[in-house]
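Visitor: Just dropping this structure here.
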Amino acid sequence: MEREPSASAAAPAAAAAFFSWGANSYGQLGLGHKEDVLLPQQLSDFYKPECIRRITGGGGHSAVVTDDGGLFVCGLNKDGQLGLGHTEDILYFTACRSLLGCPILQVACGWDFTIILTESGQVLSCGSNSFGQLGVPHGARRCVVPQAIELLREKVVCIAAGLRHALAATANGVVFQWGTGLASSGRRLCPGQTLPPFLTAREPSRVTGLENSKVTCVLAGSDHSASLTDAGELYVWGSNKHGQLASLAAFLPMPQKIEAHCFQNEKVTSVWSGWTHLVAQTDLLRLRA
């Protein structure tokens with residue numbers, strides 16, 4: 001998310017503001033308390049709100065990435081998902097000091113863990129590792145300081161985190177997934193079928209079925225995954241409990257392309273994933289038949 005320069009130098013740009021509202025049981029709104037908030041409330045003491053690049057949230061924690069690559073976190077921290085070196089909940093957005101001098105490009109918050117992408121393309125993780133969601137198979141059950149996922153040796157350009165699984169897309173367009181969050185649904189809904197390794201891996205495992213595509217973006221919901229290719233094609237896999245994968249199957253163990261006619265044969269340019277739904281944006285450029 002980048003801002004364009006003001007069209008008129010004579011007219012000063014309006015000061016940016018940062019608001020939060022909703023559930024706040026763990027202080028994830030960054031307002032200094034744990035009371036739910038019914039209307040948007042401004043965080044007046046946040047460090048330079050006009051410099052915010054990205055905002056994201058997980059099961060009970062929130063994270064902000066600033067233009068200079070700083071990472072600020074707050075909320076639930078019982079598994080160390082804030083990466084602050086302890087497990088105390090935090091009521092205000094607080095800088096992750098262990099990452100000072102390591103500019104952050106993107107952060108993805110899962111239910112009880114956090115995946116962090118640096119500007120150099122390295123991936124870090126912290127929080128719960130009960131389901132292998134940190135991508136460190138032989139590590140502790142939780143990690144309170146961000147640690148590198150050493151098995152991701154290629155430069156990564158995009159990350160995503162679900163309930164108990166995570167994904168990364170590399171600069172070469174390859175997708176990796178880890179964390180066993182989708183495996184239980186897969187075994188229940190695909191009885192007698194052997195699940196692909198990436199659904200049961202506790203370390204980064206290449207997602208098969210995308211070999212002929214170059215992926216530029218990955219996304220995750222509670223129990224589903226998605227990827228967008230440079231050709232504007234959207235692939236999905238995982239749980240289809242709410243119809244979010246546009247398929248008749250209850251569970252897709254392998255990536256399946258959502259057919260172009262679902263998007264009026266237009267190229268998909270952007271995709272966003274909620275916990276159990278997807279939203280896509282297209283342009284007027286028609287896909288090749």
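Glycine residues also receive a Cβ, built from the backbone N, Cα and C atoms like all the rest.
I grabbed these lines from TrEMBL:
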- 16-68: repeat 'RCC1' (REPEAT)
- 18-283: domain 'RCC1-like' (DOMAIN)
- 69-120: repeat 'RCC1' (REPEAT)
- 121-172: repeat 'RCC1' (REPEAT)
- 173-231: repeat 'RCC1' (REPEAT)
- 232-284: repeat 'RCC1' (REPEAT)
Visitor: Could you give me three numbers for the repeat 'RCC1' (173-231), the DSSP helix, strand and coil residue counts?
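Guide: Split by secondary structure, the repeat 'RCC1' (173-231) comes out as 10 helix, 18 strand, 31 coil.
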Visitor: Using DSSP, what's the helix, strand and coil tally for the repeat 'RCC1' (69-120)?
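Guide: Once the DSSP states are binned, the repeat 'RCC1' (69-120) shows 3 helix, 23 strand, 26 coil.
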Visitor: What are the helix, strand and coil residue counts for the repeat 'RCC1' (121-172) according to DSSP?
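Guide: Within the repeat 'RCC1' (121-172) the tally stands at 0 helix, 24 strand, 28 coil.
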